[in-house]
Amino acid sequence: MGMSQDNLRGFILALLSSVFIGASFIIKKKGLRRAAAVSGVRAGYGGYAYLLEPLWWLGMVTMIVGEVANFVAYAFAPAILVTPLGALSIIVSAILAHFMLKEKLHQLGVLGCIMCISGSVIIVIHAPQESPITSVQEIWAMATQPAFLLYLGSVIVLVVLLILYFAPRCGHTNVLVFTGICSLMGSLSVMSVKALGTALKLTFEGKNQLVYLETWFFMFIVATCVIIQMNYLNKALDTFNTAVVSPIYYVMFTSLTIIASVIMFKDWDGQNTGSIISELCGFIAVLCGTILLNSAKDFDRGSSFRGEHAPLSPTLSTGLFSGNRETLKHDEENELLPDDICLRKQEPY
């Protein structure tokens with residue numbers, strides 16, 4: 001299946017976005033560590049000293065550049081093509097974490113990288129062609145259809161429940177809480193970003209969409225969702241290992257975004273069954289690759305700390321569903337610099 005010019009532009013922009021965003025995870029985490037070492041209060045426990053840390057702002061600038069590229073990509077290509085390519089940011093993050101954060105990447109991680117890339121290629125080859133959109137009002141009609149309104153209501157209820165009930169009780173022991181909030185809000189932000197990006201694209205083509213109230217409403221939704229995402233992403237990164245946060249955030253965010261896009265933009269309408277199955281297989285390959293990347297880090301931590309023939313450290317599922325964070329904290333402490341280890345020992349348990 002040939003790729004249209006718009007899909008090709010979106011593909012290239014999505015690749016660039018993944019590089020910048022993957023690097024931003026590492027830079028921001030180094031900034032969070034440095035800020036916590038100075039202030040003694042970490043972001044995961046309500047500290048905001050990182051706002052005065054230049055390295056954290058460098059990470060934010062890097063992320064913004066990546067997000068801008070991602071924003072423009074959504075204006076050209078469907079979300080089902082652009083979003084899964086975010087797996088490449090996990091590869092970038094894993095490689096940089098190996099060298100900069102001393103979070104070792106076992107050789108098994110190479111297989112995970114290969115699976116992520118292979119799955120992304122399959123998705124790109126079988127990506128759907130978008131139906132032309134001539135007005136932001138067309139997108140508003142898609143956003144107000146009953147099926148998407150049901151999805152929207154479900155997301156809002158879940159986010160409120162996670163923030164008000166689960167975050168105070170188990171936000172610092174279960175990685176799904178903070179990443180779940182980020183992912184749910186992220187799926188809404190992508191839909192709004194695509195709507196806003198399309199409106200701006202049409203405006204630059206001479207069809208002014210800024211005169212419509214819907215354009216400004218989508219802009220407001222984007223700003224709101226991004227602020228919430230960044231706040232809870234900082235908490236997740238500061239509380240849990242990057243090797244855990246990155247793949248879980250990617251899997252949840254991508255899955256929810258594809259669901260939202262299929263409901264709102266009807267991406268699979270007009271595609272044959274074979275293409276849809278190929279896209280799903282590619283997506284599954286990417287998900288398996290992210291799990292392998294995390295498993296490789298677990299294997300490396302287990303073998304290096306307990307000995308060559310010792311049992312492996314707890315798996316990702318243990319970190320997800322265990323109410324006790326001691327094991328994860330113990331593994332992280334063996335990877336941190338001495339100053340970071342001393343800081344961790346001052347945390348409440």
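Placement of Cβ uses the backbone N, Cα and C atoms for every residue, glycine included.
Annotation comment: TrEMBL describes 6-27 (among others) as transmembrane segment. Same-chain residues lying 6+ beyond the ends of the transmembrane segment (6-27) with a Cβ under 8 Å from its Cβ atoms: 55-56, 58-60, 62-63, 65-67, 69-70, 72-78, 81-82, 85-93, 96-97, 100-101, 124, 127, 129-130, 237, 242, 246.
The transmembrane segment annotation in TrEMBL covers 48-65 (among others). Same-chain residues lying 6 or more positions outside the transmembrane segment (48-65) and placing a CB less than 8 Å from one of its CB atoms are 20-21, 23-32, 34-36, 38-39, 41, 234.
TrEMBL lists 71-96 (among others) with the feature transmembrane segment. Counting residues 6+ beyond its ends, the transmembrane segment (71-96) has Cβ neighbours under 8 Å at 6-7, 9-11, 13-15, 17-19, 21-23, 25-26, 105, 109, 112-113, 116-117, 119-120, 123-124, 127-128, 130, 190-191, 193-194, 196-198, 200-201, 242-243, 246-247, 250, 253-254, 257-258, 260-262, 265, 267-268, 279, 282-283, 286, 289-290, 293, 297 in the same chain.
Positions annotated as transmembrane segment by TrEMBL: 108-128 (among others).
Sequence-distant contacts of the transmembrane segment (148-168) (same chain, at least 6 residues past either end, Cβ-Cβ under 8 Å): 142, 174, 177-178, 180-181, 184-185, 187-188, 228, 256, 259-260, 263-264. For 148-168 (among others), the entry in TrEMBL reads transmembrane segment.
According to TrEMBL, the feature transmembrane segment maps to 175-196 (among others).
Beyond its flanks by at least six residues, the transmembrane segment (216-233) meets 67, 136, 139, 159, 178-179, 181-182, 185-186, 188-189, 192-193, 195-196, 199, 210, 249 of its own chain at Cβ-Cβ distances under 8 Å. Feature annotation from TrEMBL assigns transmembrane segment to 216-233 (among others).
As annotated by TrEMBL, transmembrane segment applies to 240-264 (among others).
Residues or ranges marked as transmembrane segment by TrEMBL: 276-296 (among others).
In this chain, the transmembrane segment (108-128) lies out of contact with the transmembrane segment (240-264); the count of Cβ pairs under 8 Å, excluding pairs fewer than 6 apart in sequence, is fewer than 3. Counting same-chain residues at least six beyond the ends of the transmembrane segment (276-296), those with a Cβ under 8 angstroms from any Cβ of the stretch are 80, 84, 87, 90-91, 94, 105-109, 111-123, 125-127, 243-244, 246-247, 250-251, 254, 258, 268, 315-316. If you look at the transmembrane segment (108-128), the same-chain residues 6 or more away from its ends with a CB under 8 A from one of its CBs are 1, 3, 7, 11, 77-78, 80-81, 84-85, 87-88, 90-91, 94, 267-268, 270-271, 275, 278-279, 281-297, 299.
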